[in-house]
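Student: According to TrEMBL, the protein has these features:
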| type | residues | note |
| --- | --- | --- |
| COMPBIAS | 400-409 | compositional bias 'Basic and acidic residues' |
| COMPBIAS | 613-635 | compositional bias 'Polar residues' |
| COMPBIAS | 642-653 | compositional bias 'Polar residues' |
| DOMAIN | 48-326 | domain 'ABC transmembrane type-1' |
| DOMAIN | 409-592 | domain 'ABC transporter' |
| DOMAIN | 695-999 | domain 'ABC transmembrane type-1' |
| DOMAIN | 1037-1271 | domain 'ABC transporter' |
| REGION | 393-421 | region 'Disordered' |
| REGION | 610-654 | region 'Disordered' |
| TRANSMEM | 46-67 | transmembrane segment |
| TRANSMEM | 87-108 | transmembrane segment |
| TRANSMEM | 154-176 | transmembrane segment |
| TRANSMEM | 182-203 | transmembrane segment |
| TRANSMEM | 271-291 | transmembrane segment |
| TRANSMEM | 297-321 | transmembrane segment |
| TRANSMEM | 680-706 | transmembrane segment |
| TRANSMEM | 757-779 | transmembrane segment |
| TRANSMEM | 857-876 | transmembrane segment |
| TRANSMEM | 942-965 | transmembrane segment |
| TRANSMEM | 971-991 | transmembrane segment |
Amino acid sequence: MRCSDIDRAEINGERLEKLWMEELAKKGPDKASFSRVIWRATRTRVIIGALTIMLSVSFSFAAPAFVMRQLLSDLSKGQMSLGYGMLLVAAISGMEFCRSMLFAVGWVTNYKTGVRMRGGALSLLYKKILKLRGLKDKTVGELVNICSNDGQRLFDACAIGPLLFGGPVVLVYGTIYTVFLIGPWALVGSATFLAFYPFMGFISRITTSLRRKCIAITDKRVQRMTELLNCIKLIKMYAWEKPFAKKISEIRKHERGYLERTAFVQSVSQSIAPMVPIVSGIFVITAHVMTGNDITATQAFTLVAIFNAMRFSLGVIPFAIKALSEVRVSLDRCKSVLLMEEIKEYPTKISNPHYMVVMKNASFSWDIDNANIEIIKDGRIDIEIKVNVPNGKDMSSKQSIDEKQKLQEDTDDNQSSSSPDRTLCDIDFTLEKGKIIGVCGSVGSGKSSLISSILGRMNLVEGRIGVSGSLAYVSQQAWIMNATVKDNILFEDFYDEKKYNDVIHACCLQEDIESFVSGSETEVDIHVGRHIFTEYLTKALKGKTVIFVTHQLQYLSQCDGIIVLSNGRITERGKHDELMARNGDYANLITTYYTQDDNRDMEDDIRERINSIPGSPQPVTTNRQRTFSDSSQKSGSHRPGFNQQASVMSATSNKEEMKKAGKLMVAEEMGKGKVTFRTYWDYIQAAGGVIISGFAVLMFVLNIGIQTGSSWWLSYWLDQGGGNFTIPFPGNLSNTTNITTATVLSRNIRDNPDMNFYVTVYGLSVFAIVFLMLLRAIIFMKVTLHASSNMHDNIFSKILACPMEFFDTTPVGRIVNRFSADMDEIDVRLPGNMEIFLQNILMIIFALVSICYVSPWFLIALVPLVFFFVLLNKLFTACIRQLKRLDSVTKSPMISHVQASVQGISTIHAYGKSNEFVDKFHHLIDTNTVPYFLFVSSNRWLAIRLDIISACVIAVTGLLVIVNYESMTPAMAGMALAFSIQMTGLFQFSIRMAIETEARFTSVERLNHYSREVESEGDSIIKGQRPPNNWPSDGCISFKKLKMKYRDNLPLALKSVSFDVLPQEKVGIVGRSGSGKSSLGVALFRLVEPDSGSISIDNQDISTIGLHDLRSKLAIIPQDPVLFVGTIRYNLDPFKEHKDSDLWEALEKCHIKDTITALDSQLDSTVVENGENFSVGERQLMCLARALLRHSKILILDEATAAIDTETDSFVQTTIKEAFSDCTMLIIAHRLNTVLSCNRILVMEDGRVVEYDSPSSLTANPKSKFKMMLDAVESQQGML
């Protein structure tokens, strides 16, 4: 089944976008209201829904006010005929049926409105996200949370909000009628109802405030959770689970505080609404009688029935207020996203067809307050830009550019002095069509900012820029979609088999694609780097314009031109020979590069000679972006972005996306059948056990019992009449002599001698009801939040303990969905549903028991009614459960898509694929809309049929009253009829709450799946097997016949690997991609447990000790640097184990101290999500400093200096040799220069050790592969 056209997200999103743009144009950004936009889009349907609801409640009021009153009046007079009585009963049942049908029409109208607004708002937000220049104060987790939860809150507001109009209608009806019924004291009841509205308004304001604060904390928790999951591999290798768990636990504890306050307020709100009619009836009757007035059973129970009829209309007010309060917060959050700065296409187009990129005195900034671009009708463009300057004043410049003019014409001189706000200053260059331009410079020099400026991700402060043609973009840090390899390569383009195969060859991916079944991460080695440069950049892209940003300087001599950047400025430009002759910055870079390692430029021949040896496998691709990418944005100033910039290719024809293949993901599980008893039992245990949960239910029983008991007490009181008080017989009043001899018992309750007792008990029941209600609210809130918090903590601990295989095969978005959408269900929605269900089902039970007590014959009629109910329930619940599960399962891909889109926004925008991603998002929303709309609509299907059963209950009760009126008192008859009418809306609402409660328990089921089904890795600490504190003291490592595979269905990645590493020895590990180099590190850290064999450190078998004890003693500097949200200090020393002097010393050794010192807050400077306010190179240097501070005896380096410039690389290599001189080091190499000075070289091939010896021994062996490498180096050295 597909979503109907009028409900599609695309159509409703376009409508909302049009209204939002009109709102912005009319009110401006500051005064624009997204709430007003939603109202304009929904007002017609909201009014129709509200009118339908008001008409429905009119029928619910008319039945007790007119028909039931007439029935009770006739019964009290003893003048009831069977035919007339049946007609009145039929009228009551008919009115209730009309009420039900109208109410269903109102619900469906509201549901349709909610579906359209939810889809439209998510569409509008997603399209906005794809246009964002940067995240600023938003995080990926917050954006995901907005799409996950705020869309649902908008639906709830549209669906439930119009029910608010029913309350005032019944209040007006009730006030007029009750005054007519018993006189002015009825105004006491109306006053009670009127006081209810401002009180609920007060509750609404409190709820809004608490929810706003709670949602902000939830966003923070989800963002931290997202960060943890994205970086889980490094966190495990550093044994940092505990500090990260502590961080999230602290946030959760703070969140729980607001959840408790919010839950208590909402519980009070939900309890007061159904209590108001009872309290109002008690106040009115008590005041009426205490002032000397009499009241009959007909009056009293007509009054009670009217107040009960008002119960539902008033009972939904808390839900409507809650929904409207929450949506106010959500819409404010949506508005904050919609007002974020967008990427603006640079207005200037290049008139010269030979130029692809032209910059003229251009300066760019990441942070800018205002940048307004206005297109004038005559083709001229005014650009007004305001930038904060150090003196606090605004600097404004206004430029006018005629698109018909050539960019090369003279321009006015602009201020070109560097400012802290400017990352690039006075950039002036022209890129000709078909040329390859190399860009180099030190870390933080602005290389990647240059790329970002061309992509439009920076603010043009002054000067001009023009870009012609379409763009393709390869980021330094790979971003891949959760899709097939083919889909990632095509990237939404059409499939052309020949072109596809050519690209696969140019990118050297043939063997990678064939070997993806191994599950290994692919990385770029030197041979592949040269292959890509030769086959891809110079051949496949022949005729294209390429900007090539790199630290691999050996390729620059083949570029058509070179740009050298320093401190955001172009310091040199020209060809390789020209720049070398100048002996400037470029010559210094090249000299340093080749002085550090003469071998870099010959590694192609080295690899070819290795692979020319018989039996040598052919090279495969790995991380190809390393060969033509550079560090990320410039450091020093905070400017949030999306991901790291690298190289841009400007093309005039079709583009191809080059992405490496990702791991295959397992399908998301979906439960079947009804929610199992074990799910409920797990929730009860999480809540504190049977006793605690039973006590919470007991509070409901006592509270509802007292409420029902008040009606019983009223009936008993009315039946007592005047007690034993007698009055003169009316017929003897004219005979004065016999006036004292003829008397009768008074039926007026005001004459009852015990009236004060009856009134006191009846009045005090109010205080008992209120007290038990507050006590119930506190206990229920504590119990349910104890359950959700225990479940959160247990599942979170379980996730942290999962092996890497779980994270490799499960999308992060799916896990985040459990901790955002599902956790929101358990924290907020499930307790609300359970509370309403328990409250209402107990009211039904007490009402049915009361009716059966009045007329035991009702039990006979109850049997078929129960049968039909069970039949309906059986037909319905199986459907509703699966629909809820489908809703949850179809929601996860939508959330994953949002998360992936945010992370890959630079690539999506550069390739011009925003429309394709929007279309896919629309499809995902519509796919989720279908089961969700069916889920809520099926509730209406059930509600109508349950209302029919309720109408039957009224009819049966009425008939029994008519047939047995001689044997029952009017008070008992009135109570039975009042209870039966009360059950109409209450019955279907309660059953629907029961089914929704079960449906919401699927979220508990989904969380428990991780608790029960997902395996855990080894114990963190094994008592009795803990190594000494100084372990390892020597750092010797021994691999013995180690076999390891990543998953059971995959081949071995390591095959009987055996070798020893001596204390303080430096071992270089080389081999082609997939040979098993990185698998050695994986095995050493026990990220994957071996199939057989062992690894020992200092004669201690690492499989016998806890994972924390092992990993905390090792250190690794990964290939891709990882920084966490927080401060620099937190990233270096999360346990707070080191002094500031130690931190500064480590930073100085890693040659990044000056960069950190230049920041305002230095060590306490903020690190944004993914560390994006630092370049990749700067991040890598901080990771190196982090490893220095661990003082580990064993260190693994995985090509740790690939992202930094050659000069810094030289310093870092020296630092590594000096600072880690007493450490055992395993250097996993993709570049030969990093292993030539090692004590021994280990050569891996197909998961086996093929060579392992000292460089001198391997050199002495003419058949050694390592010898072949050195011969190739000497041969190439001679050519230089």
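Positions of Cβ are set from backbone N, Cα and C atoms, glycine also.
Owing to the predicted nature of the structure, the values given are computational and were not obtained by experimental measurement.
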Student: Tell me, please, if the transmembrane segment (942-965) and the transmembrane segment (87-108) are in contact, taking contact as 3+ Cβ pairs under 8 Å between residues separated by 6 or more positions?
Tutor: yes
Student: Give the nonlocal contacts of the transmembrane segment (182-203) in its own chain as ranges (CB under 8 Å, at least six residues past its ends).
Tutor: 167, 171, 174-175, 265, 268-269, 272-273, 276, 279-281, 283-284, 287-288, 291, 293, 295, 299, 303, 307, 310, 314, 317-318, 321
Student: Short question: most Cβ pairs under 8 Å with the transmembrane segment (271-291), which of 46-67, 297-321, 680-706?
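Tutor: Answer is 297-321, with the largest number of Cβ pairs below 8 Å.
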Student: Is the number of Cβ-Cβ pairs under 8 Å between the transmembrane segment (46-67) and the transmembrane segment (971-991) three or more, considering only pairs separated by 6 or more positions?
Tutor: yes
Student: Taking the transmembrane segment (757-779) as reference, which of 87-108, 154-176, 297-321, 680-706, 971-991 has the most Cβ pairs under 8 angstroms?
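Tutor: It is 680-706 that shares the most Cβ pairs under 8 Å with the transmembrane segment (757-779).
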Student: Mind checking which residues of the chain, 6+ beyond the ends of the transmembrane segment (87-108), have their Cβ under 8 Å from one of its Cβ atoms?
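Tutor: Distal contacts: 49-50, 52-53, 55-57, 59-60, 62-63, 67-68, 70-71, 159, 162, 937, 940, 943-944, 947-948, 950-952, 954-955, 958-959, 962, 981, 984-985, 988.
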Student: Sort out for me which stretch, of 297-321, 680-706, 971-991, has the most Cβ pairs below 8 angstroms to the transmembrane segment (154-176).
Tutor: 297-321
Student: Can you tell me which parts of the same chain pack against the transmembrane segment (680-706), counting only residues 6+ beyond its ends and a CB-CB cutoff under 8 A?
Tutor: 271, 765, 768-769, 772-773, 775-776, 779-780, 783-784, 786-788, 790-791, 794, 838-839, 842-843, 846, 1001, 1004, 1008, 1011
Student: Mind looking up the mean pLDDT for the domain 'ABC transporter' (1037-1271) in the predicted model?
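Tutor: When the pLDDT values over the domain 'ABC transporter' (1037-1271) are averaged, the result is 83.
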